[in-house]
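Chemist: According to TrEMBL, the protein has these features:
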TRANSMEM  12-31  transmembrane segment
TRANSMEM  99-121  transmembrane segment
TRANSMEM  167-192  transmembrane segment
TRANSMEM  204-225  transmembrane segment
DOMAIN    287-397  domain 'FAD-binding FR-type'
Amino acid sequence: MGNWVENEGLSIFVVLVWLGLNVFLFWWYYLAYDIPPKFFYTRVLLGHALALARAPAACLNFNCMLILLPVCRNLLSFLRGSSACCSTRIRRQLDRNLTFHKMVAWMIAFHTAIHTIAHLFNVEWSVQARVEEKQTLAAVLSGLDDGPNESYINFYRKTIGNPVGGLYVAFTYLAGLTGVIITLALILIITSSTKTIRRSYFEVFWYTHHLFVIFFIGLVIHGAGRIVRGQTAESLAEHNPELCYKNFTDWGKKGSCPIPQFSGNPPMTWKWVVGPMFLYLCERLVRFWRSQQKVVITKVVIHPFKTIELQMMKKGFKMEVGQYIFVKCPAVSKLEWHPFTLTSAPEEDYFSIHVRIVGDWTEGLFNACGCDKQEFQEAWKLPKIAVDGPFGTASEDVFSYETVMLVGAGIGVTPFASVLKSVWYKYCHDATNLKLKKIYFYWLCRDTHAFEWFADLLQSLEAQMQERNNADFLSYNIYLTGWDESQATHFVMHHEEEKDVITGLKQKTLYGRPNWENEFKTIAGQHPGSRIGVFLCGPEGLADTLNKQSISNSEADPRGVHFIFNKENF
């Protein structure tokens, strides 16, 4: 239980507070429109749909205020790097920014659905009341503003019935038109954000996500039409609706109730979102300024399995281990930015990324760098590159632990290239001040070719650690999760050789998947009383497994062993 609190306690607390505020706002604003006499006559026209429209509107304001904050990457990186205001636990919470961003997005979709459905009823009943011929209270209220010294309560002023009247409201009134536009924008943003679209059609995700600009513009002006109207304070002082509604046919006559006066609610959304919008505008200005700084590609290395390495230099560029950058290549696309983990170490005089060629944009970058040609590509022919970042990730906290488990799946090994390089530099220059004493490294790959570009680094670390008589500092296990029959025969024939037939390392490649329960129990037994950092860059399924193992293999005693789970998110 203690480690569950350590790993998940703050996240659960934040989510519960957020959900609680949503419930509170919904209930508060529902009652604010369902009880006060100010909206007595509005409720006569619209019934409970009035409160059911306004309550989710308040929640929408709240969540739209939050939705931009988790994607202010520069702000989060600044907070993450400020140890004075961010403990390790707070930094781990900041690393879950995209998870919270998605949760807020789904909450926005949920309240949008309620808000829209309620307003569909409101529009239908407003139009119906306006064309109603009977002398009902709703019809009399809808007729106000047709005479002198009157103010309207029913925003619909035409005498065209449904369904034409409803369509007229949707496409000619400011509230209706902006509502349609921002709802369509929200639908496109959410549907294109699914994992399948992001991975297979990143460009679709990228472009549709920028509809958020239209969404926020429409959101801010959505309430400017003031179609939700209530009785004025002055009118309430001389016209008590709970008494006067009974003799509505005598309103305005001598000795009777005066005609009620109404006014629209002022727009409130801008007050909620102006702060986050300003912060995000500053964020984009910083990104634009940094993207204009000159970046020089110093070297392009073609690795096996269609992976290229770009080594670059940029004036004033400073990084930490495991951070990532956004890259734009105008020769491929003038608008698209793609995230890549830095594979270089802070101690090196350049920064690098490894790019696996898996889509149109990466294929375009591959060709722009001349990697599709046999002849040597001169430096001046290399494409211009814009870089935004670096931005912080969970891997920065590797040096906060004495013992760590690093788990990479496929190309997810890239953050740990930077970590392992930096560890080696620190170990060589000042091993006594290095808090980190033991690394357990796990790499899972489906294909043997994927091992090749990273094997050189591991071979170098393996050799240098042995030279310093500290081979136990790094324990690594490489797992091949996919192979065919011919490969299996080849592996068996060469199994007795000193070095592994796939990687060339002394540590032999393992086949299948790790038994994580055994791995955690073994490490826990070797490091009693330790806080062990578990760092993953890989799929969600593996993240769930490691998180559960981190909790179940930690001891309840605060002095016992504790596994602290961290996952890369970008």
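A Cβ is built for glycine as well, from the same backbone N, Cα and C atoms used for every other residue.
Are these features on the surface or tucked inside, and what touches them?
Modeler: Counting only same-chain residues 6+ beyond the ends of the transmembrane segment (167-192), those with a CB under 8 A from a CB of the stretch are 105-106, 108-109, 112, 116, 119, 123, 126-127, 155-156, 158, 160, 204-205, 208-209, 211-212, 214-215, 218-219, 221-225, 227.
In the domain 'FAD-binding FR-type' (287-397), helix, strand and coil residues by DSSP number 21 helix, 39 strand, 51 coil.
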Chemist: For the transmembrane segment (99-121), could you work out the same-chain residues 6 or more beyond its ends whose Cβ comes under 8 Å from its Cβ atoms?
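Modeler: Hits for the transmembrane segment (99-121): 14-15, 18, 22, 46-47, 49-50, 52-53, 55-57, 59-60, 63-64, 66-67, 70-71, 166, 179, 183, 186, 189-190, 193, 569.
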